[in-house]
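Visitor: According to TrEMBL, the protein has these features:
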BINDING   Gly55, Ala57, Val58, Asn62, Ser296, Asn328, Leu393, Asp396, Ser397  Na(+) binding site
DISULFID  Cys161-Cys170  disulfide bond
TRANSMEM  47-64  transmembrane segment
TRANSMEM  76-95  transmembrane segment
TRANSMEM  126-149  transmembrane segment
TRANSMEM  213-230  transmembrane segment
TRANSMEM  242-266  transmembrane segment
TRANSMEM  286-307  transmembrane segment
TRANSMEM  327-346  transmembrane segment
TRANSMEM  381-403  transmembrane segment
TRANSMEM  424-445  transmembrane segment
TRANSMEM  451-474  transmembrane segment
TRANSMEM  495-516  transmembrane segment
TRANSMEM  528-550  transmembrane segment
Amino acid sequence: MGPKEVELILVKEQNGVQFTSTTLVTPTPTQTNPSGEEERETWGKKIDFLLSVIGFAVDLANVWRFPYLCYKNGGGAFLVPYLFFMVIAGMPLFYMELALGQYNREGAAGVWKICPIFKGRKMCEVILISLYVGFYYNVIISWAMFYLFSSFTGELPWVHCNNTWNSPNCSDWADNGSVSDIYKATPAQEYFERAVLHIQDSNGIDDLGRPRWQLTSCLAVVIVLLYFSLWKGVKTSGKVVWITATMPYVVLTVLLLRGVTLPGAIDGIKAYLSVDFLRLCDAKVWIEAATQICFSLGVGFGVLIAFSSYNKFSNNCYRDAIITSSINSLTSFFSGFVVFSFLGYMSQKHNVALDKVARDGAGLVFVIYPEAIATLPGSSIWAVIFFIMLLTLGIDSAVSIHTDTQLHPFGQPNNIPFLCQITVFHYSQIYSLGTVTIQGGMYVFTLLDHFAAGTSILFGVLIEAIGIAWFYGVDRFSDDIEEMIGHRPGRYWRLCWKFVSPCFLLFMVVVSFATFNPPNYGSYMFPAWANMLGWCLAMSSMTMVPLYAIYKLCTLPGKFCDVSL
């Protein structure tokens, strides 16, 4: 049963007798609720929501970061701290955000009406962090788009050193007898750095060079794709994810079936799964497992809150949290088999140790993987398949980030002029920053990637956990969940929300500051002013929380509890 309105008519006769009559009115889809806002639309099907959440949580990091971390930190032993932090922090926080959005039926920008003193959190996560991440996340999709277009050739352009962009240092690993390891560069590496990025025409972040129309055009295509994925709200984004959320699994399966047949693949998989429990004595292993959990599940960006706010009120968000967070972790583990089957093949083909070819980040998906694919029969077809997978992984998460952005209180879903404004704004900002379109854009990308959503995300989730558990109250939050799904969360979940998860997040924020290392790209070290600019970006989102709290305490009448509850 949907919401109903009752029209009450009161008639007073001259003799003092009052008559009343009532009429039951079904509101139309365009009617407003008592608060004066339009009724919130819902997902067309439950599977649309699940695929959207999975598509957001399963992103490029599942392919290019988790497998390398697992290999570097003890192989199968890395799963011990990973699963431990998954249970005590990842799942509870994931569950908390889904329940928070579903009960309040508000995006991350409006949900903090339950605790006004923390409304600065919405400035932190919805506006600034989402904006900063959008600056450089679309860049990765643009690179994948460029590679996809370049793959429609009879011979892939990164297979040899006879191209105009190659330097004298270009050499295949199989013929490295006369070339020093210090200066050697493979054709795939030079294609990425010299043909795609043109980084050789820039001396650093203070010498960015000229715009490149090829990458600018790819970025424009990405923005158009994002726009048409969002222009009718969750009704269109819920259909887009049927392709973008499922395609990566199809492609990963196809690549795995091909990868395990390559020579050396089994050795790579054995290295991925090798167990070294002595590595668990290293504190860095536990820190990297905790960090990976925080970022792989996507908590803190406000996207989970936004997606769940479109659910029906009685939806079982507890079951959804368990299913989607588990699928995310299983996808990370599964992708490791795909990655290391090809890395093992590369190691045997070039007769080098596996650690010489194993890496994470952009180097894995834009250098190592293209080089491995180039050696296969029908390499162009495999390249097209691989970069389609990268596109779908990237677009899925980018759509989620933009979906959250459009919930900003100054705009409404389905507002086409507002969405145009958002997409054009993102495009103009990316262009002005030069993250992708100019020759030194890789330096800007590295700086943003290092500072934009690291410590600030951890801090934002910490504030969120404290606000829900200690100000709004775990008991009240549990009552809300019981009202939705019919039963209260168990004692385990309540203890995690109130004590375990906040302590875990506080520890991660402190460690993040204590173990900070300045960014670098290869041998290039960023100047002091660039690091200061990066810290300004990071602090700009974190300072919004205390500044807004101070503002509320100073301007609103009443007691502290009136502002905080």
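Note: Cβ is positioned from N, Cα and C throughout, glycine not excepted.
Those TrEMBL annotations? Automatic predictions, nothing curated.
It should be emphasised that the depicted structure is a prediction, and the values quoted were computed from it without experimental measurement.
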Visitor: List the residues of the same chain that sit at least 6 positions away from Leu393 (Na(+) binding site) in sequence and have their Cβ under 8 Å from its Cβ, in sequence order, or write 'none'.
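Guide: Correct list: Val58, Asp59, Leu60, Asn62, Val63, Thr244, Pro248.
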Visitor: If you measure Gly55 (Na(+) binding site) to Cys161 (disulfide bond) at Cα, how many Å is it?
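Guide: Per the Cα atoms, Gly55 (Na(+) binding site) and Cys161 (disulfide bond) stand 38 Å apart.
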Visitor: Counting Cβ pairs under 8 Å that sit 6 or more residues apart, are there three or more between the transmembrane segment (451-474) and the transmembrane segment (327-346)?
Guide: no
Visitor: I'm a bit unsure how to read this: which one of 47-64, 126-149, 327-346, 381-403, 528-550 has the highest number of Cβ pairs shorter than 8 Å with the transmembrane segment (213-230)?
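Guide: By the under-8 Å Cβ criterion, the transmembrane segment (213-230) pairs most with 126-149.
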Visitor: With the Na(+) site defined by Gly55, Ala57, Val58, Asn62, Ser296, Asn328, Leu393, Asp396, Ser397, which remaining residues of that chain have Cβ atoms positioned within 8 Å of the Cβ centroid?
Guide: Ile54, Phe56, Asp59, Leu60, Ala61, Gly298, Thr331
Visitor: Under a Cβ pair cut-off of under 8 Å, which of the recorded stretches 126-149, 242-266, 286-307, 327-346, 528-550 contacts the transmembrane segment (381-403) most often?
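Guide: Answer, by Cβ pair count: 126-149.
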Visitor: Short question: which residues 6 or more past the ends of the transmembrane segment (242-266) have a Cβ under 8 Å from it?
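Guide: Answer is 48, 51-52, 54-55, 58, 331, 334-335, 337-338, 341-342, 344-349, 376, 382, 385-386, 388-389, 392-393, 395-396, 399.
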Visitor: Let me know the most crowded of the recorded positions, choosing from Val58, Cys161, Cys170 and counting other Cβ atoms within 10 Å.
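Guide: Going through Val58, Cys161, Cys170 one by one, the largest Cβ count within 10 Å is at Val58.
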Visitor: Are the transmembrane segment (126-149) and the transmembrane segment (528-550) near each other by the rule of at least 3 C-beta pairs under 8 angstroms (pairs 6 or more apart)?
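Guide: In contact, yes.
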Visitor: Within the same chain, where does the transmembrane segment (286-307) have neighbours whose Cβ lies under 8 angstroms from its own Cβ atoms, ignoring anything closer than 6 residues to its ends? I mean 6 or more beyond.
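Guide: Contacts of the transmembrane segment (286-307) (Cβ under 8 Å, skipping residues fewer than 6 from its ends): 49, 52-53, 56-57, 59, 61-62, 65-66, 69, 73, 78, 81-82, 84-86, 89-90, 93-94, 97-98, 100-101, 106-109, 111, 122, 125-126, 129-130, 133, 234, 280, 325, 328-329, 332, 397, 400-401, 403-404, 407, 453, 457-458, 460-461, 464, 504-505, 507-508, 511-512, 515.
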Visitor: Counting only residues 6+ apart in the same chain, whose Cβ is under 8 Å from the Cβ of Ser296 (Na(+) binding site)?
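Guide: Result: Ala57, Ala61, Asn62, Arg65, Phe66, Asn328, Ser329, Ser332.
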Visitor: Sorry to bug you, but what's the C-alpha spacing from Ser397 (Na(+) binding site) to Cys161 (disulfide bond), rounded to the closest Å?
Guide: 35
Visitor: About how far apart, in whole Å, are the alpha carbons (Cα) of Ser397 (Na(+) binding site) and Cys170 (disulfide bond)?
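Guide: Rounded to a whole number, the Cα-Cα distance is 35 Å.
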Visitor: Let's check the environment of Gly55 (Na(+) binding site): how many other CB atoms sit within 10 Å of its CB?
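Guide: Total other Cβ atoms inside 10 Å, all chains included: 28.
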